[in-house]
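Per TrEMBL, the features are as follows:
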- Thr101, Ser102, Phe129, Pro130, Thr131, Asp132, Asp202, His205, Tyr227, Trp257: pyridoxal 5'-phosphate binding site (BINDING)
- Lys228: N6-(pyridoxal phosphate)lysine (MOD_RES)
Amino acid sequence: MTTTPTTRDDCAERDAADPLARFRDEFALPDGIVYLDGNSLGALPRATPGRVADVVEREWGRHLVASWNDAGWWDKPRTLGAALAPLVGAGADEVVVGDGTSANLFKTLVAALRLNPGRRVVVGEEGNFPTDLYITQGVVELFEGASTRLVGEDDAGLAAALEPGDVAVVLLSQVDYRTGALRDMAAATELAHAHGALVVWDLCHSVGALPIALSEAGADFAVGCTYKYLNAGPGAPAFTYVARRHHATARQPLTGWHGHAEPFGFTGEYVPAPGASRFLSGSQPLVAAAALEASLDIWARVDMAGVRAKSLAMTDLFLELTAGTGLEPVTPAEHARRGSQVSLRHPDGYPIVRALAERGVIGDFRAPDVLRFGFTPLYLRYVDVYDAAAALVDVLKTGEWREPRFDVRAQVT
Ligand SMILES: *Cc1c(COP(=O)(O)O)cnc(C)c1O
């Protein structure tokens, strides 16, 4: 079989036949932009400003404090958790929304260490997102005799790290933020459990990007943010998954009143709530939660198998169209090992990403040398993938990225 290069017309045909195409209209995307950074900050759903305004003007402005009961404010961490649960393959009572990913990493890692007394090693990933490494370091400093052991991307390294039998908990990202490599959640969880360790999964780059099966995999804990593929807006509250079998025994350290069994008993002693609610701490940003609610309304209508199929088709297409440019793909070619992004390596990645942005193609750069392009099937078309690849090819061919103004580093890259 010979393969002919994909044309822009081929892409337009694929868009016409795409069952997810109708979702694009639900997002407010600026004209003239191909947005390949939805893995960093998702796009704005059109329904979000209205929902946020309603919470501000009606629920807060008019109904004031009554909204804690009448608008369901008090239960938002649970109702939003239940709405999010199908996206991660969890029971409605196993997910709560609140705080940020970094804080939730702290809570779940401490809880896991306490569930596994006698073991004091935390296994992490050397290439993980910095906050995962930093929080791990902070947690380890709190437990006498605790230490960190870092592993690479492969399960063989993980097996070796677990071998001594001293590991309390393993913290793994399902999709690596830099390379886009996808881990086999079920296999890694089974491996950890076989060695007596618990697992905390970081789902920041997988939730909303691919189907996730936490319960089926037997995961213990998971955390994730909602402002990336889930499109809930900058600083939107994160989520925590607590497997039902740990509900009665897990103890997290930020024992605030929202995690209390009887928050309005106003007693002097902390008694953890039954269930995942014990992972809550204090009052939540309910205006931001309204934006998450609006985005979850979209996700409730989305078929995740379809998202996965389109995501792989788009990343395949982008890899095909950028082959031979001298950029080295770091994202695995194998579908089973690929998340929803394409990462390409080039020593001058930063100015290339800036030159592309000037042409309206928004990707990002992750030090030291990775150009990162996220593919979000709900609002991207195949023609966008085509145009982005064509722009990248042209930026490299013309060498326009060499203009000095592209090498001025912004605060956020
Ligand atoms: C984006 C991301 C985070 C973000 O943490 P915040 O507390 O929301 O800033 C954490 N971990 C990973 C793996 C991420 O990709």
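Even glycines carry a Cβ here, placed using N, Cα and C.
Fair warning: this is a prediction, and the values are worked out from it, not measured in the lab.
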Binding-site residues close to ligand 1 - of Thr101, Thr131, Tyr227, only those whose C-beta is under 6 Å away: Thr101, Thr131
Largest inter-residue Cα distance among Thr101, Ser102, Phe129, Pro130, Thr131, Asp132, Asp202, His205, Tyr227, Trp257 [record-listed pyridoxal 5'-phosphate binders, Å]: 31
Long-range Cβ environment of Thr101 (pyridoxal 5'-phosphate binding site), under 8 Å and at least 6 residues apart: Thr131, Asp202, Cys204, Val223, Gly224, Cys225, Ala238
Packing count at Asp202 (pyridoxal 5'-phosphate binding site) (other Cβ atoms within 10 Å of its Cβ): 28
Three-state secondary structure, which DSSP defines for Tyr227 (pyridoxal 5'-phosphate binding site): coil
Rounded distance in angstrom between the Cα atoms of Phe129 (pyridoxal 5'-phosphate binding site) and the residue listed as 'N6-(pyridoxal phosphate)lysine': 14
For the binding-site residues Phe129, Tyr227, the one whose C-beta sees the most other C-beta atoms within 10 angstroms: Tyr227
Spatial neighbours of the residue listed as 'N6-(pyridoxal phosphate)lysine' that are distant in sequence (at least 6 apart) but have CB under 8 A: Gly38, Asn39, Ser40, Leu41, Gly42, Cys204, His205, Val207, Gly208, Gly374
